[in-house]
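Undergrad: To start, I am sharing the structure in question, which I have written as structure tokens.
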Amino acid sequence: MNSSESLGSSDHTVFMALVPVLVQCFGLIILGFVAGQFKLLTGAQVKGLGVYVTTFALPAIFFTVMVTIDFSDVDWNVVLAVSLGKLAIFLFSMGIVLVISRGRSIGLAGILAIFTSQSNDVALAYPVLRLLYPDLASYIYLFAPAQLVILNPFAYFALEWHRTQEKAAVHSVMALDDQPSHHITPKFPFKRILKVFRHVISNPLFFMTAIGVFFNFLLKHKLPSIVEGFFKDLGASFSATALFYLGFSMVGKLSAIDRRGVYTLVFILIGKVLISPFITREIAVLLLAHQPLNSSVPKSSFAFLYAAAPTAPPVFLFSAKFGIIPEVIGAGLVIGTFLYAPIMFIFAGMATLVNVDPGLYDNTLERAAICLSWASLLCCTWTLTILIVTKKAQKMPYRVLVCLMVSVLTFCFSVAIGSIWEPWTWDPKVGATWSQYIKFMTFFLACTGARVWTAFLGIALVFQVKRRRPPSNRAQSAFAALGVILPIAVTATLMLTSHNTSVRDVNPAFHYGRTQVDNNVSTYANIFNGGSLYLFVNLVNIFPVHLPVSKQPFTQSHCQRGRRG
């Protein structure tokens with residue numbers, strides 16, 4: 001598995017191939033979600049589908065890989081780096097929860113540790129990593145056993161401990177103290193450890209992995225032809241089935257979450273999406289420092305992208321079984337999975353821009369802007385459709401949100417459609433045509449309008465929180481007028497003061513170079529200052545200062561009380 005020849009570090013065609021791979025994966029997930037939303041399959045049917053995936057298809061893949069892999073070619077530093085990264089985020093999540101709860105929420109610590117360390121690697125991460133790093137993709141099957149055998153048992157033990165504490169609390173409340181506590185406590189560790197050990201041993205993944213390693217040495221890295229076709233076909237059925245099942249299992253996971261649950265959700269998503277990849281990459285860089293750059297950089301990037309994979313659905317089953325914040329874990333599973341597409345697109349783009357010709361950065365940024373514009377078009381269209389169908393577009397503050405969505409739609413449309421006929425890049429040696437001026441004016445008007453309407457949306461929300469009612473018709477008219485006048489004035493100022501000093505830039509927001517940058521900074525500064533002033537004035541009324549009685553202002557009521565005295 002020599003990765004020095006690995007693709008994905010410099011070839012831009014591989015980066016563009018990410019789009020169809022992500023569409024393939026998330027198309028199946030959305031298909032399963034739609035099937036669940038419209039109840040095209042029953043719960044029993046889907047449960048059987050999940051049993052097939054976890055008991056037959058996935059273990060068959062692990063068995064095939066373990067038998068055919070050549071362990072002498074494996075760079076165990078990569079395996080160690082990813083395993084240490086999992087261990088670090090596992091201990092970090094568990095430690096944070098135990099410190100904050102002062103050791104009382106051991107079950108919660110176990111669930112969150114599994115969430116942040118476990119990855120849906122085979123179903124979601126493998127297709128992407130196989131495209132970017134085909135020589136390293138098989139390493140994924142070496143990471144799962146370490147999680148299964150080393151980390152998960154600690155979390156299972158924490159969950160069993162939590163269950164025992166819950167039962168003890170119930171018994172104490174019901175005054176069922178027939179047996180002294182000192183007779184039960186010594187039996188707890190052995191029983192729970194035995195139960196966790198039995199749970200790990202009975203897992204099909206562990207069993208088939210161990211059998212595969214045994215047959216690897218016995219069969220010299222090759223499956224017999226008589227069973228090769230069987231395991232190949234069984235493993236081939238995993239990907240589509242698992243992704244469809246994942247989408248179906250997301251139905252009903254999003255429910256009402258209280259404020260504490262929101263904080264927990266943000267914490268685990270940040271830990272899984274941001275902290276875990278960077279910790280894993282830094283550990284990989286340290287362990288691979290003795291290797292040449294053309295070998296160590298792809299491996300550390302591979303570890304970085306692997307750690308960004310979303311968590312697997314079994315964590316929700318444990319959360320629901322033990323009754324530990326299932327609504328938060330379910331929401332995290334859904335949000336983390338759907339965030340994986342843009343995050344992987346961005347992270348993979350970062351990984352492919354290592355040690356490349358600086359000239360490729362422009363093309364990569366231009367392609368990224370175009371792809372994100374198409375994605376924004378779809379998202380904004382969906383949001384506007386929901387607002388119009390539910391008739392919320394006629395109410396405040398949704399009116400301001402509609403104006404913001406229209407502005408975003410306009411400048412994304414100008415970038416996406418403009419890329420079909422001609423690139424956004426301008427040649428400084430050739431004068432700009434009228435069509436280019438019109439296209440740029442449309443883009444910049446909409447871009448500035450989006451910034452202005454974002455500020456107005458914040459002001460409208462603060463006004464509604466303070467007054468307990470939407471802004472008056474006069475204020476709404478002022479919003480509408482300023483939302484149109486300000487972008488026109490800013491765009492006209494830029495066009496009149498630039499004097500045809502356009503520069504070549506892949507980003508249409510900076511075609512006019514320093515002049516346009518100054519213009520954008522001024523717009524941002526004015527919006528920030530105005531919004532801050534408005535917030536400062538109104539937050540005084542939202543959060544009033546309670547003065548002591550001796551310092552209360554002298555009012556008419558004081559005079560009346562004095563006269564009565």
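Residue positions begin at 1 at the first shown residue.
Even glycines carry a Cβ here, placed using N, Cα and C.
Found this in TrEMBL, in case it helps:
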TRANSMEM  12-36  transmembrane segment
TRANSMEM  48-72  transmembrane segment
TRANSMEM  78-99  transmembrane segment
TRANSMEM  106-126  transmembrane segment
TRANSMEM  200-219  transmembrane segment
TRANSMEM  234-254  transmembrane segment
TRANSMEM  300-320  transmembrane segment
TRANSMEM  332-355  transmembrane segment
TRANSMEM  367-389  transmembrane segment
TRANSMEM  401-421  transmembrane segment
TRANSMEM  441-463  transmembrane segment
TRANSMEM  475-496  transmembrane segment
Undergrad: Assess whether the transmembrane segment (106-126) lies in contact with the transmembrane segment (401-421), where contact requires at least three Cβ pairs under 8 Å among residues 6 or more apart in sequence.
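TA: These two segments do not touch.
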Undergrad: Residues sitting near the transmembrane segment (12-36): Cβ under 8 Å, six or more positions beyond its termini, same chain?
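TA: 46, 123-124, 127-128, 131-132, 240, 243-252, 337-338, 341, 344-345, 348-349, 352, 360, 363-364, 367, 371.
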Undergrad: Taking 3+ C-beta pairs under 8 angstroms (sequence gap of 6 or more) as contact, is the transmembrane segment (332-355) in contact with the transmembrane segment (300-320)?
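TA: Contact between the transmembrane segment (300-320) and the transmembrane segment (332-355): present, because at least 3 Cβ pairs are under 8 Å.
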Undergrad: Top stretch among 78-99, 200-219, 300-320, 401-421, 441-463 for CB pairs under 8 A with the transmembrane segment (48-72)?
TA: 200-219
Undergrad: For the transmembrane segment (300-320), what are the same-chain contacts with Cβ under 8 Å, counting residues 6+ beyond its ends?
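TA: Beyond its ends, the transmembrane segment (300-320) has Cβ neighbours at 3, 6, 8-9, 54, 78, 81-82, 85-86, 111, 114-116, 118-121, 123-125, 128-129, 132-133, 136, 139-140, 143, 159, 245-246, 249, 253, 272-273, 276-281, 283-285, 288, 326, 329-330, 332-333, 336-337, 339-340, 343-344, 347-348, 351, 354.
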Undergrad: Which bits of the chain, at least 6 residues beyond where the transmembrane segment (401-421) starts or stops, bring a Cβ under 8 A of a Cβ in it?
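TA: That would be 366, 369-370, 373-374, 376-377, 380-381, 383-384, 387, 393, 439, 442-447, 449-450, 453-454, 456-457, 480, 483, 508.
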Undergrad: Going along the chain, which residues at least six beyond the ends of the transmembrane segment (78-99) come within the CB cut-off of under 8 Å?
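TA: Those are 105-106, 108-110, 112-113, 115-117, 136, 139, 142-143, 146-147, 150-151, 154-155, 158, 267-268, 271-272, 275-276, 279-281, 283-284, 286-288, 299-300, 302-303, 306-307, in sequence order.
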